[in-house]
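Participant: Here's the feature list from Swiss-Prot:
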type	residues	note
BINDING	69, 71, 84, 87	Zn(2+) 1 binding site
BINDING	460, 462, 464	Mg(2+) binding site
BINDING	808, 882, 889, 892	Zn(2+) 2 binding site
């Protein structure tokens, strides 16, 4: 017995390592077949026996009953293998009717519709004709010239019936050959000489210069090469013989009432057979050509309908006008073979029921209803009853179970003991949606679920249902216990934080328990042990909230117990008692008012220092304590708990006065409508916040004087502050003011809702509010589907990402630094590098001690060293730079977030990444602005303040001093840094062009000092020199217009689009500055003082006046930039991972250089960058209306924006490279999730980016057979280059290309995986022509062919099997 079979399952399934797909040749089809189907009949409706030679013929497909021939001459096993001489049926199992195929010999060749109509059409590409033309030939509309002979016709020219007749008359009957139908296409394909054609195409490709032609040639060449490599013959795309699939797969079922229900395929096959037989007769009886041709066309259409109904022309329909389901439809879509039956199967030994809460369960338990358990564990019970001799036979055992005898229950208890069951709640969005528990038998019919796992399942008890599955084999039970037990899933795989955290009531109970009140009974008493305190509590000398002193023994670093005196309360000591004793876990971590966040941190701490078992026990006890005090605290929620602040009316009156002032300014023409709108919205935002803050202050400190009638602490406030339920946003709406609302298009309505829910809304307010709420409801309904689809696409693209080795040995890595936004550090460096590995040795910058070795995992203790060393950026290894040929290595991935240790081999990190990004997707709003319709627009930023005492450093400082002695920033990329004493960056602020700087380089500033200020609503255009204004190209009514505001009657000059006028096409409105002599002033950079004005700019100066340095010439209102829809939430994530071009995308500079504006072209402006290294200048064409953020003469750096907007990802990759691109995508995706408070580890996003960067585009073929412009997998590309270099040839060159996840999934190396994702027919057609081999490396392909997935335990089985094969080969 070979080693392989030892590992093979004890079944007769074939062992194989790869699957190949090819076009079937006519001989192959005949070799599969067990006989020709010649009659369209199915079953004789009187005898119900299959008709001979029909679609269900027993002679061809096998017997209908096991070991029994059709006429009944031979029956039973003893006759197996005999073929009955009377009816011709082989005596065997009826199962063969699922396997045996038949065939139909076609009377005329027929084109396979997949190769004809699946775009790009393979047949027409090979023949170099258009698809339209090929169709005309195939469907008998036109003749094609096969051999021009003596005529002047071209080979391949199409002729209609009349033209053919004329040509025959002109050149004679036999002068040339023209033909029609599939026969001629087959002949033309047969005549193709591929090696010759390949050479011709190569030569043509090198000569041609047209890009379009090149693309076409590359496509054709690729196809020719595919045929050459796969040894497929092109004429096989035209079929002479048609396979008939086994009858059991297209069954005919009898319904009650003597009618039959049949599979659509039978009907489609019948049409083919009928038309084929008719055609045979017509050919035999030498019918006129026109009739034969019509029949051939009908046969072609019948075969088309069988293969892919509706692909061409009208779909064949049944009597009820419903289109027939063809072979293609069987595979396609959610209901197709792939997704319905191969990737999603229904399973036996399962049940489902409603869930109820089980607070007295332990974390690893669930309550299983007795009825359910009895049914699910039936076979186990039978075997045990028989084993113990309680029942003599299985039948007796069955009867006992049905009667529910008492001994059955005892046996059930025993069977169930330590046999884990799986619980699953749909939708299973991440791997924690299925977990294993030990069942406890309970009365009733509902499953009991432990409260702490609800967060992972996203379950609540308002009628949710859950499914139970029983792992049967010992291996399955083992895996369930080791990998899936709820106690082994404490940390979330998405971010490495505990997911088993107390929530809702438990948090509220613990918060209440740990409150310390002032002036409580017995304050300041001293205690030395808990019993004494309990006594005092029982006799009402203290309460659980009294501040007391307590002597407690604590473990020190040496592991000795030392007594310490602490200020605490009895409540906190109760929590403290539950803490496991460990020197790293001090009492102070819980000696405070515990909020949800604090509790989560404590659990994390316990997990890191005391391990999993201690954590589970701790969490369970914490839960019981929390429930107890949530109950005994008697916290309730009443109308009086919503406090309306007294200052509300004052704030509202002040704001209304402010808004009146804006209205006045608007009527006086000082500000535009857009500016007024922005200011009004801002004022109301500020007002709402003020009211909310006052309300919060009042809620947080309730009046103490009338205690005990009044609660010591506000219940609503407690719920929100503890993190139990509700947010301050919601409290604001209950007791403050609802604030601004959004319209359904996302615009903010200027009049806010002044009332809150306690006071009640007016009719008008109610209408406004309902509008926003409806929008929110609709969004929620729509986003669930798109979120699910995004998850599916992510899983598909990353499913073959598996950890395959320990270390790939690369030296590459990526540099990470903390994320700074608006000057605040949002994500500290520590959070970004925790659980990653160092790419280089890392030393202390001052002492030069080694902190981290290359490849060492950065854990919590190393983090402290890095933080104390004050490092602000670090090189870490990343999956993006991993060089494993298949999969990814452990070192590049780092810590497995679910366990907190280095990731093990065989872990399916791709799927985990996809789930981590997709699971929170449903929480992401479609639009970023709604909380129940309330607008959450912050006030516009118009200044920056120092957030620390620090030293100022200004980058690219370009400042002019204006007439008021103020410093005005003239640089487009000025940044202000705040440095600490060691010179480390603490904050970074972008200072916009035109801002007033209030500090200078090197100044020392104190916290909250203002550093710079600017007008947030307009972008100014500012002069660098003093001089006289001269207007150029400003033609009234064509390029500039006096706009009079209807509301105010005040005119202002505005630049307008001039292209609608013929003479306006060349106009470029600008302002020049003249000196005293009337000549144009020269600026510091050597260019003339010219200021181009974009469309929409409002002039602030008159022609001919004198202005000084730093004056504003014109303002560009910013309303045009704020109203454009900011794509947020889920659509933004989808836009990024699909690598789509954003709407209104930015243009980025490709090189460092100076900007010049060239001559305009039609409706486009020309921006030219002259590189500093003197290479060729680069031109950009941008639409005129867009706001260009650079001015003539500005110096730009590579990657700077020339036009505002989101940059195109492909541009970033081309200009800045992979690392910058990856950082950008990670930053943008994280920004969306951060807004919703969702934490996801960067490495998950990096895994997806790696999958998007799998392909390269060849730029130079070198000495290889690759074609320029061909897209190829980067590992394949490296292999080809290695071969070339071994043979002494020049290697090819290529550049990385970024693909969206859908495209990347469809172009994966595995055709099975791609076909089961989308566009099934296209993928299979391509794969068949290329004769692709699927190595079965990913998860999906293996699930589909029914093997263990090569991840987790399956990975090692796979490894062992491969080792076994090797051993066997060596032994042979």
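Along the chain as shown, residues are numbered 1 onward.
Glycine too: its Cβ is placed from the backbone N, Cα and C atoms.
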Participant: What are the non-local neighbours of residue 889 (Zn(2+) 2 binding site), defined as same-chain residues 6+ apart in sequence with CB under 8 A from its CB?
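Facilitator: Residues satisfying the criterion: 803, 804, 805, 806, 807, 808, 882.
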Participant: How would DSSP class residue 84 (Zn(2+) 1 binding site) in three states?
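Facilitator: Reduced to three states, the DSSP call for residue 84 (Zn(2+) 1 binding site) is coil.
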Participant: Taking the Cβ of residue 87 (Zn(2+) 1 binding site) as the reference point, list residues of the same chain whose Cβ is under 8 angstroms away and which are at least six residues distant in sequence.
Facilitator: 58, 59, 69, 70, 71, 73
Participant: What is the interatomic distance between the Cα atoms of residue 460 (Mg(2+) binding site) and residue 84 (Zn(2+) 1 binding site), given in whole Å?
Facilitator: 65
Participant: Out of 462, 464, 892, point to the one nearest residue 84 (Zn(2+) 1 binding site) in space (Cα versus Cα); all of them are binding-site residues in the record.
Facilitator: 464
Participant: Report the same-chain neighbours of residue 464 (Mg(2+) binding site): residues 6+ apart in sequence with Cβ closer than 8 Å to its Cβ, ordered by sequence.
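Facilitator: The answer is 354, 355, 425.
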Participant: Where does residue 892 (Zn(2+) 2 binding site) sit by DSSP, helix, strand or coil?
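Facilitator: Its secondary structure by DSSP: helix.
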Participant: May I ask for the distance between residue 892 (Zn(2+) 2 binding site) and residue 462 (Mg(2+) binding site), taken between their Cα atoms and rounded to an integer number of Å?
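Facilitator: Cα-Cα distance, residue 892 (Zn(2+) 2 binding site) to residue 462 (Mg(2+) binding site): 44 Å.
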Participant: Using the recorded Zn(2+) 1 site (69, 71, 84, 87) as reference, state which further residues of the same chain have their Cβ within 8 Å of the centre of those residues' Cβ atoms, listed in sequence order.
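Facilitator: Surrounding the site, in chain order, are 70, 72, 73, 74, 86, 88, 89.
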Participant: With a 10 Å radius around each C-beta, find which of these binding-site residues (69, 71) has the fewest other C-beta atoms nearby.
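Facilitator: So among 69, 71, the binding-site residues given, the one with the fewest Cβ atoms within 10 Å is 71.
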Participant: For the recorded Mg(2+) site, whose residues are 460, 462, 464, find every other residue on that chain with a C-beta no more than 8 angstroms from the centre of their C-beta atoms, and list them by sequence position.
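Facilitator: Once 460, 462, 464 are set aside, the remaining close residues are 355, 459, 461, 463.
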Participant: Could you work out which of the binding-site residues (460, 462) has its C-beta surrounded by the smallest number of other C-beta atoms within 10 A?
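Facilitator: With the binding-site residues 460, 462, fewest surrounding Cβ atoms within 10 Å: 462.
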Participant: Return the residue, from the listed binding-site residues 882, 892, with the maximum count of other C-beta atoms within 10 angstroms of its C-beta.
Facilitator: 892
Participant: Would you count the other CB atoms within 10 A of the CB of residue 808 (Zn(2+) 2 binding site), including those on all shown protein chains?
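Facilitator: Its Cβ shell of radius 10 Å holds 19 other Cβ atoms.
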Participant: According to DSSP, which of helix, strand or coil covers residue 69 (Zn(2+) 1 binding site)?
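Facilitator: Looking at the DSSP assignment, residue 69 (Zn(2+) 1 binding site) belongs to neither helix nor strand, so coil.
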